[in-house]
Structures are given as structure tokens and as C-alpha cells.
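To start, the structure under review is shown below, and the notes come after it.
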Amino acid sequence: MSEVLQRITDPKEIKDLDEKELEILAEDLREFLIESVSNTGGHFASNLGVIDLTVALFKNFDFSEDRIIWDVGHQSYAYKILTGRKDKFNTLRQYGGLCGFPKRTESEYDFFATGHSSTSLSSAAGMARAQRLLGKDNKVIAVIGDGALTGGMALEALNDIGYRKDNLIIILNDNQMSICKNVGGLATYLNKLRMGVGYNKLKSDIGSTLDTTSFGKRVKNSLSKLKDGIKKIVVPSMYFEDIGLKYFGIVDGHNIRELNEVLSIAKNIKGPVIIHTVTKKGKGYELAEKNPNKYHGVSPFDLGEGVISKFASRNYSSTFGEEMIKLAKNDDKVVAITAAMPDGTGLKEFREEFPDRFFDVGIAEQHAVTLAAGMAAEGLKPFFAVYSTFLQRAYDQVLHDVCIQKLPVTLCLDRAGLVGEDGETHQGIFDISFLSPMPNMTIVAPKCIDEMEVILKWASNFNAPLAIRYPRGGDIDVNLKPLSKIEYGKWEKVQEGDKIAIVATGKMVQHAMIAAQKIKEEKNIDILIINATFIKPIDKELLNSLSKDGFKIVTIEDNIKKGGFGEGVLEYLNEIGHKEKIVTLAFNDKFIEHGKPDILYKINGLDAEGIKNTLIELL
């Protein structure tokens, strides 16, 4: 590493660097990021792709005054390094360390927290309007990827920004990827724009030539009357300018000179500007350039060997994908939907085997849910695979388009519960609370991977709205047998016991088993453990029996306490006049920060030791 990055103590110092030094700084950042993220894990390829752009932004703007919002935020690592967080980068995504996304409480340079996609344009427009109303003239910049631009919220914002003529700069970071390959009409449009780069160069070259003589200037003035028509022919649609944005492109996102030129022009233009840059995910690390999807998010890895795929252990996502293929082979009405996450949700092989029955709608969860509702209305059996945290974006569609009509749409909620290192914006700890109040909604959870297969088979013949929630990763080493069949609304006694009954949901049954074993070893007392396969409806018959037999009851869930499973059980037990103690173990009313799940469970009293301590207090 050269001395350029080492000597930067204030981001304002970057303004004083010449072009050669800026290029060296970019290489220093690449070298530092490759070394650091290979040790900590994190978002890898996307960050390598925006380093040159980040350097150019610091050259042209003062972020002690100007504002920048990184859409999604996973590509903000170089920005974090240059804003005083380099020495803490070895704590990235660790509990108590740096967050992997922008976070207002982490730095004065993080102006708006992000994590979910397609929010940057709306927040940037809000900041720009606030600047105007407050009499300020600071620049506002939003950096958004071509994948995030497929999100409906981003398109809504573009429409409003073009109409209101907000004074902001939008940088379209076009790497032709979100996590996986982009899909949809906008992706096709952007590809046509890339192909039309010759038009932009031709226009520039001809203009420069004509400007050299007075006759040429008159010719240029006459030809300008044909400009709009020529654009329509050579560059398809000119969508951005049609809705009121000044378009600059296409710019090489790895050419600092080009970036400086266009940014220096854009910052002096009033009204909305969009700069279309083309970048390469993984730039500077050959293996990531060749396979950016594999290197999107990585665990720690050896730089010489690269990321090694893990095939040894089963996980819920891959099992879901395998079972979906089995269902589709036996039932031609089964279809799969995802919102730009075919790999993460385990549907990659399904897509290859059943391309006509697989629908990747892009980053469009609202559309995905109502698309599924339409399919269900016509007799298909749609399964929408989505991370729990992203289903939050489609609350109204689930309620209005699925539940009111009681349509048989199956919501497969991957990453339910703690996801760990991605932190507050990605923890899947709210789905029980926002789905439970919906009439006609049923919620189930497998206690182990093998039970996932049983539930999915049952779900394919369930004729009403259904949510299946399951965690990231695999099982703990606990010996659990799956249910042989599903009986609607009924729970399962996993282990017999006296005095205390644990009623746990999903993977928390495994935590309960370990805690109960500790109690057996220390106190020689057997704890009754119940697998609440159905989170909604609750098994009132079994609860009546527990109450009649005088059990103290502990509910355990990896969801927030408010509106959760435990509160539903507590409400019913109070209704029937249960006399014994009731304890609900869940996450309290707070957001759960980033860190390894084991640490986060422990801190929140939901690991086996914490559960054991709760049980001891009840004995």
C-alpha cells in the first residue's frame, strides 16, 4: 500500500490530490478492502466496483456540508474508510463494531441509514426540498444501483423528482447486477442505453469538430433542432430526460478523469441530474470479477484460494429449493416467485428445471405478492420465497390482495428470526407480529430441516393464505424427528415432563431441548417441550389441558414480544383463567444490532443458557 491512503486524516484532503494521486488512492482502497473483507467477511464485489466513483465524489464534494445517500448501503465501505473509520474496519459486522451499512449513530458522515433497496431517491428528494426550504444550497447526491432502480419506490421517486425539479444528483451505478442478474423491462432498457454509448461519443465528437469554425457553429445550431428526433432513433426512449431529469452518460465508472469531468459539470446544474456510470462488480480481484454473484457477500476466506463453496451441511434454503422441485414435478400448478433473490432463497435449480413456472420479478415485493394472488385466483399454487425482512414492504398486498380474498398464496419466509451480521435492517423478527392480526392468515414453522419437507408438502394442498417461517442456516446438533403428518392447528409434544411446559416455535424448539437437557442434568427434572408447529392458530385444546394440569408455561419465539406468539398464548390463558405463572421469552421492544447470532441470542436471553436460567427461576 502506498502512502496516499495512509496520510488521509480528513476527507477534505482528497480535494487537494491530483489525478495520479487519486488513482493511487483508489488502488490503495482496493488493496485495503480486499485484505480486510477477506478477514472479516462482508459485502465484497459491490464495494470493489464503486471505489473509483467514491474517490471522485470526495474530489468534487465536501461531505461535511453536502449530503450523500447510498442506496441499500452495502457498497459504502470505501466511503466509511475515507470518513475516519479505517482503523475500526477489522470490527466490520461484529457485535459492537462497524455496521455493514450506513448508520446515523455511527458517523456524522452517515446522513441516512439504509439497508433495504430503492429508498435513496425518496430520502434524497426529501433532503433537497428541506435544503431549499431552509435556504441552504448544499448538494444532495443519491447513489443507486441498476438493480435497486427496478424497485417501485425508486420509480415513484423518479416521477416526483422530475416533476418537482429537485436540485439533486442521482448517480446510477450500473453493473448489470443486483445480487443476481437483473431482470425486467428496465434492465433491458439500460442495456440498450449501454449499447447506445456510440451515439453519445459520436454526438460529442461531431459537436467538438463543428465548434472549431463559424460555419460549423451555424451547422450545429441547425442540427440541434433535430436533436430530440435523433435521440429517439439512436438512444431508445431517453426515459430519464422524458420525465424531467438531465441525463449524463454513459460514463466509465472506473475512469477517474471522466468521473471528475462529469461531476464538476453536474454540481453546477440546477434541477435533477442523473449520471449513468457503468462499473464492474469485483473490480480488482479477478475471482470476484469472474463470479460477482459468488462474491457478493462472503464469509472470511483465503485470498489465494478464493471463496470455497460449502456443500457439507444442509440448510433450510437449499432444502426448500429441493422440495419445491419435488412438488413441481408432481403438480403442474405449483409455481415459484422471487424478488431478485433466486440464489439466496434456494430457487436457482427450480429456475433451471422449470423456467416457465419460475418468476423473478426484480426488487418488487409488492408486485410479487399481488402477482401471486392473481395466479391463485386462477387456480395455480404460488409459493413466494422472500426474506422475512423484505416481506415488510408488501404488508398491504398481503392483507388486501391475499387475505381479504382468502387466496391460497404460500409465503415462504426465509431468514425468519436473527440473521446476525447484517443487523437491524435485516433481522427477521417482526413477521409474526404483523401477519398474526390478519384474518384468514395461517402461520407455521418447522422445528427442524426434515420437518420443512413435511410442511411444504402439506402446504401445496392448503387452500388459504399461509406463511411458512424458517431461519437462516441449518440445525443445531439436536436429535429431533419430524412430524409424520400435519394436523391443522395442532401442536406436538416433543418431550414429556412435569411442572413446567415450554411452548416453542420453529428453531427455538432446538434451543429449548438443550436448555431442558441442562435442567435434567443439574436438577433431575424433566421439562415438557411442545413444538408449536402452528403459530396461528394456537392449539387451544392443548393449552386448556396444560392449564387444567397446573403447568407453569414458558413460550419461546425468535420474534419481538409485542404482538408475537407469546402474547397470543398469554391472552388466551388469561381468558380461561390460568392460575400458574406464564413467561414469554422473545425479543424486547428494540431493534437488534449486528453481530453473530450466538452472541445476540445470549445477550437477549434466548440461548440455551438463558432459557435454562428462566426455567430455574420457575422451579
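Glycine is treated like the rest: Cβ placed from N, Cα and C.
These come from Swiss-Prot:
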BINDING   His74, Gly115, His116, Ser117, Gly147, Ala148, Asn175, Tyr285, Glu365  thiamine diphosphate binding site
BINDING   Asp146, Asn175  Mg(2+) binding site
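Here the features listed in Swiss-Prot are painted onto the structure.
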| residue | record | contacts (Cβ under 8 Å, 6+ apart) |
| --- | --- | --- |
| His74 | thiamine diphosphate binding site | His43, Ser46, Asn47, Gly100, Phe101, Gly297 |
| His116 | thiamine diphosphate binding site | Val72, Thr389, Phe390, Arg393, Thr425 |
| Asn175 | thiamine diphosphate binding site | Ser46, Gly49, Gly145, Asp146, Val278, Thr279, Lys280, Lys281, Pro292 |
| Glu365 | thiamine diphosphate binding site | Ala339, Val386, Phe390, Leu391, Arg393, Ala394, Gln397 |
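Cβ neighbour density within 10 Å is lowest for Asp146 among the binding-site residues Asp146, Gly147.
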